[in-house]
Amino acid sequence: MSTTKLTRREQREHAQRFIDTLAGTAFPNSRRIYVHGSQADIRVPMREIELSPTLVGGDKDNPRYEANEPIPVYDTSGPYGDPDIGIDVRQGLAKLRQPWIDARNDCAPLSERSSAYTKARLADDGLDELRFSGLLTPKRAVAGKCVTQLHYARQGIVTPEMEFIAIRENMGRERIRSEVLRQQHAGEGFGARLPENITPEFVRDEVAAGRAIIPANINHPESEPMIIGRNFLVKVNANIGNSAVTSSIEEEVEKLVWSTRWGADTVMDLSTGRYIHETREWILRNSPVPIGTVPIYQALEKVNGIAENLTWEAFRDTLLEQAEQGVDYFTIHAGVLLRYVPMTAKRLTGIVSRGGSIMAKWCLSHHQENFLYQHFREICEICAAYDVSLSLGDGLRPGSIQDANDEAQFSELRTLGELTKIAWEYDVQVMIEGPGHVPMQMIRRNMTEELEHCHEAPFYTLGPLTTDIAPGYDHFTSGIGAAMIGWFGCAMLCYVTPKEHLGLPNKEDVKQGLITYKIAAHAADLAKGHPGAQIRDNAMSKARFEFRWEDQFNLALDPFTARAYHDETLPQESGKVAHFCSMCGPKFCSMKITQEVRDYAAKQNIEAGMADMSHHFRARGGEIYLKQEEA
């Protein structure tokens, strides 16, 4: 990792160059493929990793090879992962879902923006240089209609989004023919229902039951459909966002593209700086993944950062502003109730959630109940009109392992369960946010409590961090907890970067956090027994045993780091075909020795001889020691 510190100007110039030269880029020895659905415009992107053949015999002059089939993998990079697609962030991405949205004939363009704040920003000529030029005309459900994926699912309708997701979740494993690659250990799903083949009808059923959500605002047609639920692949969220003192619009767009390249299934824009509105527009128009926000952050900016001055009216205006821009899910801290705030007084670290602390301060200042709780039905009405999913925030999550699983945390969780049922009355999709800081032995209870009290709505957790002693390495401390809770049933994991508790992450931090959490999510998929999850592991192990170094690099989550580490000690091209690595050397490589043993056994027909001796042993009673007269 580079330790060179760039100035603010250099950072912005670097981001500008990145945007100016941005083009679709494939990973090493990979190509973009599309799996087609029942209609021409359902084209599901995947990345296919090409592998080299295996040497199976012959001699130096006439070697014999056996082909290794390519490995398809889930791909979140959208058009940025396709070298054949031209990229221009000033124009934004193609509107993939627009035909599907229009065909349902249940929404219409607005004649004007609903948000007073949006109108004021659009009228400000001084913002023209910052503004995204190709602004969409926002749509809203027509009177008497609901446009949510949950509503369609409950009506028995399988949408194109659901079919897209079913194809995507199967990860192209139907293309794999090798029995070696298809072998998989049985998992322990703790009640998860994992079918051998995910169908569009299964997707519809899970969404209808509230066990899964499809974050897909009708005003974000650029997004590629994805699903969050415990009966699907574990997903990973990346946080980006500027602040009052750091980062520019260019840098946030760069971080968005970078996040999708390294596997972010969703991205949360947590911007708190001056140009929140304009930054978000650039992000949405260029994002192939769902975008989430915490609207209270922007509402607070509108009252100059004074929590006591927040009002329902200002917050409502912010919801309308963001919904009409295309935000796919809102984190709403509606479970921080006035009566729960005193429960945090005896905590070691009190209230650590930014949104939770804002609402707690408002409640105490006015000695009134949380206005998000009081106006929750109105929030649901807004979400239903645009298909904004709700991520019910854990404002009272523990900020230290000492505070884990306490009265405040679980009281709020039960309230989130009550709010979930209210949201479902409006056909609004819901997921539940969770901790936080929790030692390993206390993690599973978080999952069981959530399933019981929140009616199996998808769980979305920050880690949890399993120890508090490792600032600078909290992507490790939390990755441990993330893998565990993902196995127990958590549907989406919010990444933690090395900068957690220390500062805002840069590009390299974002990558480190995402790789750590992709490992955690994949480990959880393996442990649950998600069909096909082990294919890539099997391909890697086969390549490793056969000393196919290039394939090992290319199958890795991070091919560049894998190659760089190998080349530190074996940089020559001959090192890429060597039947050993730098750790053991040529004479002590266990896999090389094993191959030699196999070759020797084959030549001497030892296996047949051993089988004959085994039969003879069993025929004599199977005893290791025999009396002399029996021998």
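Every residue gets a Cβ built from N, Cα and C, even glycine.
Annotation source Swiss-Prot lists substrate binding site at Asn239, Met268, Tyr297, His333, Ser353, Arg354, Gly355, Asp394, Gly395, Leu396, Arg397, Glu433, Tyr460. Shown in sequence order, Leu270, Ser271, Thr272, Ile276, Arg354, Gly355 are the residues of the chain, 6+ apart in sequence, with a C-beta less than 8 angstroms from the C-beta of Tyr297 (substrate binding site). Secondary structure from DSSP puts Tyr297 (substrate binding site) in a helix.
All protein chains included, His501 (Zn(2+) binding site) registers 13 other Cβ atoms within 10 Å of its own Cβ. Taken from Swiss-Prot, the feature Zn(2+) binding site applies to His437, His501, supported by sequence analysis.
Here Swiss-Prot flags Cys581, Cys584, Cys589 as [4Fe-4S] cluster binding site, drawing on sequence analysis.
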Under 8 Å between C-beta atoms and at least six apart in sequence, can you list the same-chain neighbours of Asn239 (substrate binding site), or say none if there are none? Val267, Met268, Leu270, Cys494, Tyr495, Pro505
For Gly355 (substrate binding site), name the DSSP secondary structure in the helix/strand/coil scheme. helix
What three-state class does DSSP give Arg397 (substrate binding site)? coil
Rounded Cα distance in angstrom between Ser353 (substrate binding site) and His437 (Zn(2+) binding site) is 12
Tell me which residues of the chain lie with their Cβ under 8 angstroms from that of Tyr460 (substrate binding site), as long as they are six or more apart in sequence? Ile228, Asn237, Ser391, Met431, Ile432, Glu433, Gly434, Cys490, Ala491, Met492, Leu493, Cys494
In sequence order, which same-chain residues at least six apart have a C-beta under 8 angstroms from His437 (Zn(2+) binding site)? Arg397, Pro398, Gly399, Ser400, Ile401, Asp403, Ala404, Gly463, Pro464, Leu465, Asp468
Across all protein chains shown, the one of the binding-site residues Gly355, Gly395 with the most other Cβ atoms within 10 Å of its Cβ is Gly395
Between Gly395 (substrate binding site) and His501 (Zn(2+) binding site), the C-alpha gap once rounded to whole angstrom: 17
